[in-house]
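Student: Take a look at this one; I'll ask things after.
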Amino acid sequence: MKSRAAVAFEVGKPLQIVEIDVAPPQQGEVLVKITHTGVCHTDAFTLSGDDPEGLFPVVLGHEGAGIVVEVGEGVTSVQLGDHVIPLYTAECGKCLFCRSGKTNLCVAVRATQGKGVMPDGTSRFSYNGQSLYHYMGCSTFSEYTVVAEVSLAKINPEANHEHVCLLGCGVTTGIGAVHNTAKVQPGDSVAVFGLGGIGLAVVQGARQAKAGRIIAIDTNPAKFELAKQMGATDCINPKDHDQPIQQVIVEMTGWGVDHSFECIGNVEVMRSALECAHRGWGQSVIIGVAGAGQEISTRPFQLVTGRKWMGTAFGGVKGRSQLPGMVEQSMRGEIQLAPFVTHTMELKDINQAFDLMHDGKSIRSVIHY
């Protein structure tokens, strides 16, 4: 079938809006009509060429919501007309990782997903006879996309897709990092580095967890008002201080914060986030994705004196079994999604969404088909 799509043909070049061919879903696969998709920093990261797994030409997009229009052989968990969110972190329930109960990092489709193809090793997308790569198992920048059954969360059909599409990545990652990875407790102190979609979601999650002090850090003060609406108690611009930001936070709090979160993907900021953690028990969670070949560093003394350094993917959330509940929470107003959507636009304007992101003028732009 034909589908409108925004295709990244080359590194660093604007996406091209073209009509691609989408092959039918094969065994264990589902054809989904995407209704809305967010434009995430991870899409921009891959487009920039810094992503070590980046492949071109590719149909990007991984933060979407849509409706099932066709199912392949053997699919039982969803049917025609179901409302779904594609998942870049699958949940098969059968692999070693799923059965461990210790992680959400299912490996059922990981090997092929990282190669930009479906589980059988081939692509469902083509343009003028040329095969196009899939992206993170989702490819929501195409109006019609094919997704593995194990990579689909079935959601309440009454949910607003313009909002809940953000649960496909950023908001879930941030809130999940607070509850699942850091396990923030009432009264704990929190520092959040980077106030994009994920950082603001961490702030919101920390407020849900009843954290005592929530310190929001960004070099763009225009983001502070929304951070305070989300629950931040303090907002800091590192440019306003001569000292390293970790020293500023340690002096503000006495010994540092109970939990810090790096939501940017900058290895120097990752170090700052660790070193502002409380001596003896502070922990720092890396959420941001750094560029290819970059490494983190700190003095071992920082860890010997009780700090913990950890990371998280999709906030530790199991997509098929837990994401539907987060959709319900959003419908009850327990998770705020509307404030994240600063711009909405048609697919033809998708490159504007990247410009707004790079200029720091948006939290999330949502594309509607």
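Keep in mind that glycine also has a Cβ here, set from the backbone N, Cα and C atoms.
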Student: Suppose a student reads Swiss-Prot and sees CYS40, CYS169 listed for Zn(2+) 1. Which of HIS62, HIS161, HIS163, HIS179 should they find annotated at that same site?
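Tutor: Between HIS62, HIS161, HIS163, HIS179, Swiss-Prot records just one in the Zn(2+) 1 site with CYS40, CYS169, namely HIS62.
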Student: Looking only at Cβ atoms, how many others are within 10 Å of the one on CYS169 (Zn(2+) 1 binding site)?
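Tutor: Within a 10 Å radius of the Cβ of CYS169 (Zn(2+) 1 binding site) lie 32 other Cβ atoms.
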Student: Between the binding-site residues CYS40, CYS92, CYS95, CYS106, whose Cβ has more other Cβ atoms within 10 Å than any of the rest?
Tutor: CYS40
Student: Can you grab the distance from CYS40 (Zn(2+) 1 binding site) over to CYS98 (Zn(2+) 2 binding site)? Cα atoms, rounded to a whole Å.
Tutor: 26
Student: With every protein chain in view, how many other Cβ atoms are within 10 Å of the Cβ of HIS62 (Zn(2+) 1 binding site)?
Tutor: 23
